[in-house]
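What follows is a single structure, written as structure tokens, with notes after it.
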Amino acid sequence: MAKIALKDVRKVYGGNVEAIKSVSMEIADGEMIVLVGPSGCGKSTLLRMIAGLEGISGGQIMIGDRVVNDLEPSDRDIAMVFQNYALYPHMTVRQNLAYGLKNRNTPKEEIERRITEAAKALEIEQFLERKPRQLSGGQRQRVAMGRAIVRKPAAFLFDEPLSNLDAKLRVQMRVEIRRLQRSLATTSVYVTHDQMEAMTLADRLVVLNAGRIEQMGTPIELYEKPATTFVATFIGSPSMNLLAHGAASSNVSAGWSVNAAAALPPTVATLGIRPEDITLAEAEPADAAFAGTVQVDAVELVGAESYVHGSFPDGTTIVFRVPGRSQLRIGEMLKIAAQAKDFHLFDAAGKRI
């Protein structure tokens, strides 16, 4: 186990394409960090740089008390888990688990002990004599994780390991990964584009945007206090509603308004409201900080609740949550409201106020 530290790490391609822009972070010993962001944000590149699969153009990477900039991946004391499993098809599960240890001349008794421990933790004991083709996708991913676990590395690096699994199995596997990581207390860096996966797994999240860290913090910190409009719309599903706060916000014809009593700062350019913080109203309540009349465009039933997609007369769209199985009709007009305590305020640059 070891901490990981990045200081002003950069990656430049072709002399002028900067993929990673002076990224600095410290990952504590035993911490689970999740790198999340849209395609092309640099999360996989950053993981590969930590692993040594991608060279760095500047800065410093430390694993434990060693600077690893110039070390080969095999010398960094890390273990990686990929989305494509990377198992040897002609070997049994037991042989796959043992392969890396044999190459390191680990004693036979120690190999067997580690395989037994990992197989028990991953519940794959009954599959040890099978070959990968005889396993399901979830079982193969457990074996891939087992191969990383038996190495007892200083850190685990996960590169979108659940991407090939169906939705139900992804939920099951991410819970298992979190349970295992906590029990092993091994420093871990996990890459995903799935913000729900990120929220479930992370001790802290790192949201990346165009090669930069947009915000780093616990899942609840990023959800409740997004630093920018980018984070506000990326973390949370459905996304936070962002409304342009200007002349239209006091224009009755827009179909929505902000009560003057809310006393928003003059620097507010964008008003953010989470879907769950918007309520239906019989009439526009006098004490509501935000109120409006919206047309129902679509209703998304997700089980115990529904999400209503609507639009105001000025064309502004909004999403809000209603409990239960909604009987709302497409085209129906509804009155909605929200309180000032639930507002997220951003300036013209998209920064939180």
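Every residue gets a Cβ built from N, Cα and C, even glycine.
Spatially close to G42 (ATP binding site) yet at least six residues away along the chain are K11, A19, I20, L208, A210, G211, judged by Cβ distances under 8 angstroms. According to Swiss-Prot, the ATP binding site annotation covers G37, P38, S39, G40, C41, G42, K43, S44.
Annotation source Swiss-Prot lists domain 'ABC transporter' at 4-235.
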> What mean pLDDT does the predicted model reach across the domain 'ABC transporter' (4-235)?
Replying inline: 94
> Cβ-Cβ under 8 Å from K43 (ATP binding site), same chain, 6 or more residues apart: which ones?
Replying inline: L35, V36, G37, V191, H193, L208
> Tell me which residues of the chain lie with their Cβ under 8 angstroms from that of S44 (ATP binding site), as long as they are six or more apart in sequence?
Replying inline: D159, E160, V191
